[in-house]
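Following: one structure in structure tokens, then a few remarks.
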Amino acid sequence: MDSQDVQADLKHVLFTKEQIQTRVAELAAQIDADYQDRDVLLVGVLKGAVMVMADLSRALHSHVTMDWMAVSSYGSGTQSSGVVRILKDLETDLMGKHVLIVEDIIDSGLTLSWLRANLMSRGPASVEICTLLRKPDAAKVEIDVKYVGYEIPNEFVVGYGLDFAEKYRNLDFIGTLAPHIYE
Ligand code: 5GP
Ligand code: MG
Ligand code: MG
């Protein structure tokens, strides 16, 4: 039974399911107000953004379309290097579109600054970013993030799309791991 008890792997809960739902609805209201009658293409970054994309898109009242990208950052260990490889590209032509990148978390910001430049080069009308979480190191990179759910401390978090070794993505809350899991 112990190996099945996901809760026992966690140190503490940072944001409950209810808190996340409330915050995502607030972000959606802001996005609705900003885009008004312009159609938006939501670009989700796999796999972490699956949960936030599902909830954010359902909380929006504007017309949206959705597409997905998968990227991998080259880097040593847990540090992102800013060198990014596209594992799965968009199916949508971005020419003239209002693009909103949907992300789970920004840590160094290197992945997203590369991604934004890449999408900008495809001729969209605009590219903005929405992330549920942002860590303090993101401030070191010149990147304008229009919608941020929560600023969080420099701790490794899991749940609500975020993984550790591909696990914990299915949690409906966000928490930190107990040290015995990664030590
Ligand atoms: P960066 O902004 O450093 O280029 O990379 C961000 C990516 O690193 C995220 O999309 C996510 O995959 C991973 N990441 C950064 N911080 C965390 C964290 O606290 N927890 C998890 N699960 N992934 C993280
Ligand atoms: Mg991500
Ligand atoms: Mg990951």
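Sequential numbering from 1, following the chain as shown.
Placement of Cβ uses the backbone N, Cα and C atoms for every residue, glycine included.
Bear in mind that TrEMBL entries carry predicted annotations, made automatically and left uncurated.
These come from TrEMBL:
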type   : residues : note
DOMAIN : 19-164   : domain 'Phosphoribosyltransferase'
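With DSSP states grouped into helix (H, G, I), strand (E, B) and coil, the domain 'Phosphoribosyltransferase' (19-164) comes out at 43 helix, 52 strand, 51 coil. Confidence over the domain 'Phosphoribosyltransferase' (19-164), given as mean pLDDT on the 0 to 100 scale, stands at 93.
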